[in-house]
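Feature annotation from Swiss-Prot assigns Cu cation A1 binding site to HIS182, CYS217, CYS221, MET228. Look at Swiss-Prot and you will find CYS217, GLU219, CYS221, HIS225 tagged as Cu cation A2 binding site. The annotation Mg(2+) binding site is assigned in Swiss-Prot to GLU219 on the grounds of similarity to another entry. Swiss-Prot lists 1-36, 101-248 with the feature topological domain 'Mitochondrial intermembrane', giving sequence analysis as the kind of evidence. For 58-75, the entry in Swiss-Prot reads topological domain 'Mitochondrial matrix', with the evidence type sequence analysis. The feature transmembrane segment is assigned by Swiss-Prot to 37-57, 76-100.
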Amino acid sequence: MLFFNSILNDAPSSWALYFQDGASPSYLGVTHLNDYLMFYLTFIFIGVIYAICKAVIEYNYNSHPIAAKYTTHGSIVEFIWTLIPALILILVALPSFKLLYLLDEVQKPSMTVKAIGRQWFWTYELNDFVTNENEPVSFDSYMVPEEDLEEGSLRQLEVDNRLVLPIDTRIRLILTSGDVIHSWAVPSLGIKCDCIPGRLNQVSLSIDREGLFYGQCSELCGVLHSSMPIVVQGVSLEDFLAWLEENS
């Protein structure tokens, strides 16, 4: 599994066997929780399959006709199969709740980005920065049609205006919608948050390395739902300031 994912993969790829390569603390928390749960699920799967096979093979009517006819319950067995799942649920719930609350916490952000979902494109507003006309920096991001793609670009994932953000910076991402419900999701950043009309949701974002990170709207929002890709470009602070200067 690790062999097939040794190269950085910030976008979906064919025959992938694991998550995309992450670039944020949120992503690391999600993958660690997944690996933690898979450890317990493996033993649960083996135990359940073993119990079913043993019951079918050894405890059928032909092998034990009297027990099959007169045994109706076993108090010890019922106690065990109630206690063990309860303990497993506790072991699963504790780290899950911890991660859930950590993902909801936004700690002293250095900048705020507002993403507005629309049919069928995204609008981004960087209200901490203004243009030469003293207006907040904002732009729309549309999917690039297949016939206009440059060589090496990803089909149905490339956009005309990428969301450029500095790395190693605490960012507050505010999400809403201008029409129907959308969902802003970038797997390699560990973020998926609904964009609901009339409501502001917020998540914390911090990018660990430079690169391009691809995502899509993950809430069915109409006939062109598949035409709402997201591209986040992580750059150094110097390059981000240069991009701001160019787009002001």
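Using N, Cα and C of the backbone, Cβ positions are placed for all residues, glycine too.
Since we're looking at a predicted model, the values are computed, not measured.
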Cβ-centroid neighbourhood (8 Å) of the Cu cation A1 site, HIS182, CYS217, CYS221, MET228 excluded: GLY117, GLN119, TRP120, SER183, CYS195, GLN216, SER218, GLU219, GLY222, HIS225
Where CYS217 (Cu cation A1 binding site) sits in the secondary structure, as DSSP reduces it to three classes: strand
Residue with minimal Cβ packing [other Cβ atoms within 10 Å] among the binding-site residues CYS217, CYS221, MET228: CYS221
Overall pLDDT for the topological domain 'Mitochondrial matrix' (58-75), taken as the rounded mean: 67
Helix, strand and coil totals (DSSP H, G, I; E, B; other) for the topological domain 'Mitochondrial intermembrane' (101-248): 23 helix, 67 strand, 58 coil
C-beta crowding around GLU219 (Cu cation A2 binding site), within 10 angstroms: 18
